[in-house]
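Chemist: I have a structure I would like to understand better, so I am pasting it below and will then ask my questions one at a time.
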Amino acid sequence: MTGKKRSASSSRWLQEHFSDKYVQQAQKKGLRSRAWFKLDEIQQSDKLFKPGMTVVDLGAAPGGWSQYVVTQIGGKGRIIACDLLPMDPIVGVDFLQGDFRDELVMKALLERVGDSKVQVVMSDMAPNMSGTPAVDIPRAMYLVELALDMCRDVLAPGGSFVVKVFQGEGFDEYLREIRSLFTKVKVRKPDSSRARSREVYIVATGRK
C-alpha cells in the first residue's frame, strides 16, 4: 500500500471517528471511550452486573468498560483490570499493566483475584490490526481463547462472560466451545458498534 493510500484511509477513519455520534456523546459525558455505550446496551438487554459483584476486565484501557461497571456494582463491588497499555486510575478498580499473554502477568492477575468469587469476566481485547484478515483473525482468536481460559480458572458457577470476537475463521468453533460451558449464549451487535466492523459480542450466562 502506498503512503498516499494509507494517508487517505487514515483521513477517512479520523473523519468517521470524530463525526461518530457515540464518540461525540462520550466526549460530552466525560467518558473514556465509546465502548461505554456498547456495554450499556449489553447491560440493558442481559443484566449482567449487580451491586457488590467482583468483575475481571481484560483489555481494559483506556477504561470505558471499567468506568461503566463501577456505576453498576457500587462501592462494595470490585474490578480487577488488566491491559498492555497504561490506564489512568479509577476508584474501585485494581489495575495491572502487562501483557495478558505473558504467564507471569497471568499469574499476577490470578493472585489479585485471590479467593474472590468472580461473577463476570469481560474482555474487550483486540490485537493491533494489520488490515489483513488472514493475520488479524488468528491473533484475535488467540486472545479470546485466553479470556475463556480465565473464565475456567476464576469464574464462579452461574457467572457470566462477555467477550468481543471478530467474525471469521474459528468463530463458529469458539461459539460451540462457549456453549459447552454456559447455559445461555447470545451473540450481540450493539448499535454503538460500527456497522462495517467484524466485531460482535458473545454474551454467555450461567457458567456450568
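Heads up, the Cβ atoms here are built off N, Cα and C, so glycines get one too.
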Chemist: For the S-adenosyl-L-methionine site that Swiss-Prot gives with G63, W65, D83, D124, which of D46, D99, D102 also belongs there?
Modeler: D99
Chemist: Can you give me the Cα-Cα distance between D124 (S-adenosyl-L-methionine binding site) and K164 (active site, proton acceptor) in Å, rounded to a whole number?
Modeler: 5
Chemist: A 10 Å Cβ contact count, applied to the binding-site residues G63, W65, D99, D124: which residue has the minimum?
Modeler: D99
Chemist: Could you round the CA separation between W65 (S-adenosyl-L-methionine binding site) and K164 (active site, proton acceptor) to a whole angstrom and send it over?
Modeler: 12
Chemist: Please report the Cα separation of D99 (S-adenosyl-L-methionine binding site) and K164 (active site, proton acceptor) in Å, rounded to an integer.
Modeler: 18
Chemist: Between the two most separated Cα atoms in G63, W65, D83, D99, D124, the residues recorded as binding S-adenosyl-L-methionine, what distance in Å do you get?
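Modeler: It comes out at 18 Å between the most distant Cα atoms.
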Chemist: Give the distance between the Cα atoms of G63 (S-adenosyl-L-methionine binding site) and K164 (active site, proton acceptor), rounded to the nearest whole Å.
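Modeler: Their Cα atoms are separated by 15 Å.
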